[in-house]
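This report refers to the structure that appears directly beneath it.
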Amino acid sequence: MLVKEIKLLRNIIKDWRKHGYSIGLVTTMGFLHEGHQSLIKKAVKENDKVVVSVFVNPTQFGPNEDFNSYPRDIDKDFKYCMDSGATVVFNPSPEEMYLKGNCTTINVSGLTDFLCGAKRPVHFGGVCLVVSKFLNIVTPDKAYFGEKDAQQLAVIKRMVKDLNIDTEIIGCPIIRENDGLAKSSRNTYLSEEERKSALILNKSLSLAKEELVKGNLNPENIKELITAKINSEHLAKIDYVEIVDSETLQPVKQIEHSILVAIAVFIGKTRLIDNFTFELNI
């Protein structure tokens, strides 16, 4: 079922609650791929009803970013969601989601000071606002987010905790192409040559992981190795290479417990992100 109005969706949710159904939510910006499908299928497995939102959120894009060019295909997305087991696809307009004169913002300080938050200053304010709206409208028991957007996942978990929102936030593993490239809607921007060059993200992270497993626990040294590997690809331009505490997302000077190794790289004009977590077993 395709729903575009908040009021109608809320009426559907009320009816589900009357019957005691559990509800799962997957929020997306559309142009769905196997990464999204893995979230939907997990939600379907764990809940009686599943809502998938398909909404390119204008408030999380900064000036000169790709809001207008972001790929959209609601007909294809709707079929993809239904084939994956979703109950409802919620596809509101920006006017439906944001009242004229909207002046409410949500800022999760600290967690957004580094990584993508530092490079895209308006991004997480927009993410938090729209996700809080979806959680308020759908009131899901569980909501599912991909670990590829590791900072987003951490920020949303913190927001939900701080605002006492009664939804369990569940992180789901990164889904990759056979050659290791993390699935992303933005991969469609890549030319054939750029697509090959994009493999440098996973290659550089694999190198870092090997070094960590060997016992190289110097974060600056690991960052240097990643940087050198990425710079060996002429189409790649580094946005950031960071090693941070996996919970606080603060940069670490030494590796003592769980860390997140995260990178953002421009391949041509396309900005791609990737990461992995590493747990030090003492």
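Note that Cβ sites are derived from N, Cα and C of the backbone, with glycine treated the same way.
In Swiss-Prot this protein carries:
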- HIS36: active site, proton donor (ACT_SITE)
- 29-36, 146-149, ILE175, 183-186: ATP binding site (BINDING)
- GLN60: beta-alanine binding site (BINDING)
- GLN60, GLN152: (R)-pantoate binding site (BINDING)
C-alpha spacing of the residue listed as 'beta-alanine binding site' relative to GLN152 ((R)-pantoate binding site), in angstrom: 12
Position of peak Cβ density within 10 Å, selected from the binding-site residues MET29, LEU32, ILE175: LEU32
Which of GLN60, GLN152, SER185, the listed binding-site residues, has fewest other Cβ atoms within 10 Å: SER185
Entry from the recorded positions list GLY35, HIS36, GLU147 having the most other CB atoms no farther than 10 A: HIS36
Cα distance (Å, whole number) from HIS36 (active site, proton donor) to ILE175 (ATP binding site): 9
Spatial separation of GLN60 (beta-alanine binding site) from GLU147 (ATP binding site) - C-alpha basis, Å: 18
Between SER185 (ATP binding site) and HIS36 (active site, proton donor), the C-alpha gap once rounded to whole angstrom: 10
MET29 (ATP binding site) versus HIS36 (active site, proton donor) - Cα distance in angstrom: 10
Local backbone state of SER185 (ATP binding site), from DSSP in three classes: helix
